[in-house]
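Over in TrEMBL, the protein carries these features:
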BINDING   Ser163, Glu207, His235  Mg(2+) binding site
BINDING   Arg369, Asp383  ATP binding site
Amino acid sequence: MTGACSDVITLEKRAFHIWCPLPGTASRFMMLCMSRMLRRGSGIAARLARRDRALSLAGLSCRHYSTETAPHIPGMEYQDAICTLNTLQTNASALEQVRRERSNPQLQLNAMRAFLERAGLAVDELDHLNIIHVTGTKGKGSTCAFTEQILRNYGFRTGFYSSPHLVQVRERIRINGQPIGKDLFTKYFWQVYGRLDETKVDLAVIEVGIGGAYDCTNIIRRPWVCGISSLGIDHTQILGDTIEKIAWQKGGIFKPGVPGFTVRQPEGAMPVLKERAKEIGCPLWVCPQLEDYQPDCGPLHLGLAGQHQRSNASLALQLSHTWLQRRCLPADHSFPITTVENNGTLQAPAFSPSPIMVKGLADAQWPGRTQTLKHGEVTYFLDGAHTMRSMQACVQWFRETAAQHERSASGAVARVLLFNATGERDSAAMLKLLVTCHFDFAVFCPNITEAIASCNADQQNFNVSVENMLTRCLDNERSWRLHNRLGDDKGTQLLIQDSLPRLPEHRGDTLVFPCILSALQWITQGRDSVLADPAKTTLAVKQSVTAKAAPLREAAEIHVLITGSLHLVGGALKHLDPASSK
């Protein structure tokens, strides 16, 4: 970009930083893109007829809205857009200052409203959108995935906003289940960076980023229904250090007269949610257990693995069912018939899911969450668990699923853990839970996809230094050795030849690598053809480290659990699923 155009973009970048130095500027920018794309438009007969045929199965009928693409601005390409978006990341020192000062969190929403107006939109326009708003500590993304799939199966054109992304930024905005294309992302990005044209969907499923009350998505004033998935302790520096404080934040997405649903919550959380709902004037129901639903077409099957997904699926059924009722039926069908539990909590009914709902639950996909990839003799188990409760669920899922795979293995199986954790999270406590999985090797690396300067801009993080990331990995390695009673050697090292200053060599079943690619290449020992691609640079590994991998070469199969961070899982998927980077 040169000349006048470059000058304009430079001024815009400066304006963004001056106007709002709070955390999450880039996330607000992405939310703004989604907001603009969801504005209403005119109907198209073909999609209307196709959607109506699907709805006729449930005896429903609705209006329909269509989509138009935005004009392209020459010279503004996808990688330029990503690099420009990365300039909006608030740096680590600014984030730390905000956390120390505990600035007024209401400023976050005030900033988002101003951002919206600068792009030519008004908050009032969001009131006319068909929105389902979902928060929670764990499971909110999976709930959104189930809900979106159910309603898309009815024939609606769906929008889906979620964060963070795994491999590419454009995953955060999905239309009909697919990340928007690079060309479309580029068009809308540069129009948001200046002014936007518009496109439309029938409804939008919006996942909260952090918390709820002061999250940038909470500029939404009139969702059709909102939901809160399972709560736990996370983001304590922002949301508070008790389940009660976190529940107060999450309950901030409740809106007057808008039906709200939640799953059964830990002790201390439910009373706060009930009080928040009462204060705001939001009717709140607790979802039934998944086994309470009685579909006419056989048992329910979930496209997302793990017992913890059952509560997410129940929440998704209530959200989609309520949206369909409120959107497509007379007003007297807007709220569920309820029963009252002994503690005064309203219990949502376990209705009979339609065949379309059943298919939606079975078809749902949500990469990086209890996901299994089999590449020949190597099987990857990916789960972005990063809290204690989500790690407990991950351990249960992995032990059950890996055992199933091992029963069908042709010989001995080697188990490997690939782990990283970020932020203020208690990685030592999470690692203690993982000890019960009995790994043959534990491998640690930072959330750096590859040690090459040309790595994907979508996964660049300016909030923490490389030195700090590597130090965290070494700390994790020591914690693992202590949990396994392996002793603590005087030091460890990054196991790549001529990479960083070497520390005294250690021996044991733990290793630390400088990037995700080098860790995966060592774990798989050339047995995954995707990683053996000549296009992927192979860094030289010390001979002693190569010799240590003998059990991996001798095993009939290798099972790898990748967990601790969604960003780690996303970086791994960039290499394991090349289509995700296209």
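Cβ atoms are placed via backbone N, Cα and C, with glycine included.
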Here's one to test understanding: among the binding-site residues Ser163, Glu207, His235, whose C-alpha is closest in space to the C-alpha of Arg369 (ATP binding site)? Ser163
Counting every protein chain present, what is the number of Cβ atoms, excluding its own, within 10 Å of the Cβ of Glu207 (Mg(2+) binding site)? 24
What is the separation, in Å, between the Cα atoms of Glu207 (Mg(2+) binding site) and Asp383 (ATP binding site)? 18
Cα-Cα separation of Asp383 (ATP binding site) and His235 (Mg(2+) binding site), in Å? 19
Determine the most Cβ-crowded residue among the binding-site residues His235, Arg369, using a 10 Å radius around each Cβ and all protein chains in the structure. Arg369
For Ser163 (Mg(2+) binding site), the number of other Cβ atoms found within 10 Å of its own Cβ: 21
Suppose we draw a 10 Å sphere around the Cβ of Asp383 (ATP binding site). How many other Cβ atoms does it contain, all chains included? 26
